[in-house]
Amino acid sequence: MSNDPTHQFQIFKIVPIEIGGIDFSFTNASLFMAASAAVAVGFLYFATSNRAIVPGRSQSVAEMSYEFIANMLKEGAGKQGMKFFPLVFSLFMFVLTANLLGMFPYFFTITSQIIVTFALAILVIGTVLVYGFYKHGFHFLNVFVPSGVPGILLPLVVSIEIISFLSRPISLSVRLFANMLAGHITLKVFAGFVASLGALGAVGVGGAVLPLIMTVALTGLEFLVAFLQAYVFAVLTCMYLNDAIHPGGH
């Protein structure tokens, strides 16, 4: 195993594919994107395939996930926002599953790749723009004009709102990417301390106790972060969708 804490984020080809000079290779990132989607879909399918009045553990988790996202969407975008439930629920489950899979040794954390998180962010913002203009036409541009702003300040405020809107895919993607990247690097560093000190013999084993405790604590924290980052991504998605549904609501 490499001692480089960033080695775990390297993308490599599994099945090299090149068409017309364009690289379409199937990589470890491709594999774990497919695995994340398959695990999420598989869990929901098996959890709900034998539904009972008194739900089992897996059915309870599936139902809690459904209600959790449904309530989040209603609070963030109103009842009209429920039309976007499939999108928000799919994003939440995909990001959560990808984050959790990345916690296992030798597995690849796809949410530590900025291109992956940026693609998800573009999907969200693209949906906001398409639906906003489809539903409201050019009235969607009211999202850049907050109510109650004095006319003399309007040009400045509109400019700030436009810049803020354009920065959304960047902030949405970087937040998820940076948190997963930093957390996994920290885990790798402390785990490296444990291995290095343990290799020194009896004296080293004694010194490895503290890094080992820190590694265990950080691992627990990273599982929490895996959920929180999926939650934050879903919450922000609901907030952005609210702008598409109610462009003059702020």
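Glycine too: its Cβ is placed from the backbone N, Cα and C atoms.
Look at Swiss-Prot and you will find 29-49 (among others) tagged as transmembrane segment. Within the same chain, residues 11, 14, 58-59, 61-62, 93-94, 96-98, 101-102, 107-110, 113, 116 sit at least 6 positions outside the transmembrane segment (29-49) and bring their C-beta atoms closer than 8 Å to a C-beta of that stretch.
Look at Swiss-Prot and you will find 84-104 (among others) tagged as transmembrane segment. Residues 32-33, 35-37, 39-40, 43-44, 65-66, 69-70, 72-73, 77, 110-112, 120, 123-124, 127, 176, 180, 184, 219, 222-223, 225-227, 229-231, 233-234, 237-238, 241 of the same chain sit 6 or more residues outside the transmembrane segment (84-104) yet have a Cβ under 8 Å from a Cβ within it.
What Swiss-Prot lists as transmembrane segment is 114-134 (among others). Long-range Cβ contacts of the transmembrane segment (114-134) within its own chain (Cβ-Cβ under 8 Å, at least 6 residues beyond either end) map to 29, 33, 84, 87, 91, 94-95, 140, 143, 168-170, 172-174, 176-177, 233, 237, 240-241, 243-245, 247.
Here Swiss-Prot flags 143-163 (among others) as transmembrane segment, drawing on sequence analysis.
Taken from Swiss-Prot, the feature transmembrane segment covers 193-213 (among others).
Annotation comment: Swiss-Prot describes 216-236 (among others) as transmembrane segment, evidence class sequence analysis.
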